[in-house]
Amino acid sequence: MSSLISFNFLFLFSFLTSSFTASAQDPFYLNHYCPNTTTYSSNSTYSTNLRTLLSSLSSRNASYSTGFQNATAGKAPDRVTGLFLCRGDVSPEVCRNCVAFSVNQTLNLCPKVREAVFYYEQCILRYSHKNILSTAITNEGEFILSNTNTISPNQKQIDGFTSFVSSTMSEAAGKAANSSRKLYTVNTELTAYQNLYGLLQCTPDLTRADCLSCLQSSINGMALSRIGARLYWPSCTARYELYPFYNESAIETPPLPPPPPPPPPRESLVSTPPISSSSLPGKSGNSTVLVVAVVVLAVLLFIALVGYCFLAKKKKKTFDTASASEVGDDMATADSLQLDYRTIQTATNDFAESNKIGRGGFGEVYKGTFSNGKEVAVKRLSKNSRQGEAEFKTEVVVVAKLQHRNLVRLLGFSLQGEERILVYEYMPNKSLDCLLFDPTKQIQLDWMQRYNIIGGIARGILYLHQDSRLTIIHRDLKASNILLDADINPKIADFGMARIFGLDQTQDNTSRIVGTYGYMAPEYAMHGQFSMKSDVYSFGVLVLEIISGRKNSSFGESDGAQDLLTHAWRLWTNKKALDLVDPLIAENCQNSEVVRCIHIGLLCVQEDPAKRPAISTVFMMLTSNTVTLPVPRQPGFFIQCRAVKDPLDSDQSTTTKSFPASIDDESITDLYPR
């Protein structure tokens, strides 16, 4: 049995330590800066020059292969100067798409402003009426983003981590400033199982001194105690993470210096005649040499294998002995992820019924308290679950390296005999559905809290789709999988059904449809096709549920509609969108803000996946009122595909002619022909 546990752990560990690179379908919007100090009119010369400049920067002939270009249009006082800088690891095609996307959004985000900076994950676009070329700007327009987590609650460890990051990034800044592309990446060992990754870049038109000064300003402005941070100025960018967020193979490395010439042969004290082929003993001699070489090589390989097994066994002992005090710490390395089963057993009072707080995707969930007072949620795999083993591995592989304030944190896991256990941070307010759909608790969620929940879920999906080093499709986004912390901040949970997409992959097909009926996109539910747009659809359903305070499945014939989407669409087309709003918040919300969110929700649930906005666009719509929203098309109505149900309990499955499916608040684990 111990060998089986070792194998399972090594299998998981091999996934945990592998590196992935995400690719985004659309550029990931970060921020924009457009001070209203100077403006221009629509029909002015400056407006014409600006459009000429933007057209030039986004033309087919722009320098996307180098990732940098500047341009000027017009004459003073209406001259416009602009540039773009693409991240050093992106391809020319990605660079071009990012610049074009940014140009298309420019006049919406910053209308009639004479200078602006637009930050995207893959590029920066900038223009001004001032001369911005060959000039480092470090006094305005910065964008700062930091992970909320620190490496450890121990201050000594935090100080050590901060010092390491500071010295590493400062050294990298000097190397970036000295390079021809003004670019340098970091990939250095932090611990035995954790590397530190970084990327520093300046616009290539800066001098060495200006580039170094700009990057050092970025480093000094970052919260280096966090496990990830970035600070972008209009002229330079600096970022570090504990995962490989860039494509290292796409960044050119300087060629190795040529090998030194071989030393001249030393003169021998005894003259040795040259050996000719005629002096060799023949085939038997060659065979002897070959046999000896093979034997020596085999012995060396055997010794290496024995040494590797010894080290692996020695290291595994450290994995099996995680103590209760270690459990409370932030788990920054893989060796602290596997927890001692007895510690978990004690924390949950031997999985007492009184400690049970719910049921997850593949087992029951318990509240646990470790000896240091740390409260945790413990998910225990059901031994009778067909899909539990696969979902357990998926959840560990996916969640272990994800670090975001809107994703639930995995603190560890345990493999003990048949036991499969996941340990998460504890969420005192349970899940969104517990508050949103409970008539006695709905009053706790005012409009501002609901709006914050919508924005937090969007940020979490953004991270999964585009900002993580993995591209992850959740496939089961629903109210019961959105947990709420003590401050009602949302955290996406339950990744047992998630799929990891490879480089440049945008969609996939499956014959095993998993998820929750009512939240699943039509193309996925009917044909098994899933993509980022499938999660966008689920997000749209969530938005409409949060605004209305009603489940998608809570409608009956008396409502004149059989689901929430039908109801919302009818109200929208009849120009009665505000009738959708939960009466508990109707009097204390901004009508324009609520209607805009309903509009966004309907855009997300459109039947055609191509018409649904990418989550980066959704986030931009939520955070900027200057973005114009397109007219929504009719949503995908699952109701047309649903057969008449037999009278079932609320936790049973409904049956259609072609396959069984579950109702809205229960997850499907398998769909198959009857």
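Cβ atoms here come from the backbone N, Cα and C positions, even for glycine.
Since this is a predicted model, take the numbers as computed values, not measurements.
What Swiss-Prot records as N-linked glycosylation site, among Asn178, Asn552, is residue Asn178. Between Asn70, Asn509, the residue that has N-linked glycosylation site written against it in Swiss-Prot is Asn70. According to its DSSP assignment, Asn61 (N-linked glycosylation site) is coil.
Secondary structure counts, DSSP: the domain 'Gnk2-homologous 2' (139-245) has 38 helix, 34 strand, 35 coil. Taken through DSSP, the domain 'Gnk2-homologous 1' (28-132) splits into 31 helix, 31 strand, 43 coil. Note on the domain 'Protein kinase' (351-637): mean pLDDT across this stretch is 86. The secondary structure of Tyr424 (phosphotyrosine), as reduced to three states from DSSP, is extended strand. Asn36 (N-linked glycosylation site) is 43 Å away from Asp476 (active site, proton acceptor) when you measure Cα to Cα.
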